[in-house]
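K.L.:
I'd like to ask you about the structure that follows.
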Amino acid sequence: MVVEIPEELLVSKPGQFFMLKSLQDAFSLRRPISIHQVNKQDRTMEFYYEVKGRGTESLADFQEGEKISLQGPLGHGFSVVKDKKVIVIGGGMGIAPMKYLLDDLKENNEVTFIAGGRNQAAIEILDFFSFQKLRAYITTDDGSVGMKGNVVTKLKDLLEQDSYDQIYVCGPHGMMIAAAETAQEKGVACEISLENRMACGVKACVGCSIQTVDGMRKVCYDGPVFDSRKIVNYEPKEKASICCGN
């Protein structure tokens, strides 16, 4: 979905999100959708999401020119470093918000991108990516595209071969935890974009609270991006999503 955004809202950072809702849907709450891409020249923002429920179904029914209810940018995004050697990892629908991050990082860093999914259909979003100015690896569980295997296996290979300054991860819960543990074993800083059910997006409902070493924190406000070393026993709530929406 491409949305024309007021200029004052184009101050977003990679990893942040908007709460979106169709004006025709009077009964649903806004859905948290991460930013896929920003075009400041055209004053547009792109959102890529999976249709999984009533809220995203109503968004998918949008016609060109219709108005949308939005709130944002919200949350704490990724730390965009400079002059570093970094790895960006996206799994499944978690690939979507990484385009915005890659666009910012690759101008001033040495960037390696690992994208993976169950099969070819799960990574179709890569058709919208540019792989210029970065090194990219694609993995699929069934081997239908790229290397057969998963992103964590490739991450381990890269960390054995060379040293890196920073790792960024977004994707399924198990994949993110495994990637974070691998990064910690190698002493590499790692940021992960968490998923959790949320209703307000501004820490008012406390429905997205998680435990960290600094106490309870809200995914919508203190996250969704966290230093992986600060997360304690994270388990997403049922049907949680901020990368793709529900």
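These residue numbers are counts, starting from 1, taken along the chain as shown.
Each residue, glycine too, has its Cβ placed from N, Cα and C.
Automatic prediction, not curation, is the source of TrEMBL annotations.
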K.L.:
Which candidate from CYS190, CYS220 does TrEMBL annotate alongside CYS200, CYS205, CYS208 at the [2Fe-2S] cluster binding site?
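P.N.:
Site partner of CYS200, CYS205, CYS208 for [2Fe-2S] cluster, according to TrEMBL: CYS220.
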K.L.:
Nearest of the binding-site residues to ARG31 (FAD binding site) by CA-CA distance, picking from CYS200, CYS205, CYS208, CYS220?
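P.N.:
Of the binding-site residues CYS200, CYS205, CYS208, CYS220, CYS200 has its Cα closest to that of ARG31 (FAD binding site).
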K.L.:
Using the structure shown, find which entry in ILE33, CYS200, CYS208 (the binding-site residues) has the sparsest Cβ neighbourhood within 10 Å.
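P.N.:
Across ILE33, CYS200, CYS208, these binding-site residues, the one with fewest Cβ atoms within 10 Å is CYS200.
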K.L.:
Give me the count of other Cβ atoms within 10 A of the Cβ belonging to PRO32 (FAD binding site).
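P.N.:
33, counting other Cβ atoms within 10 Å of PRO32 (FAD binding site).
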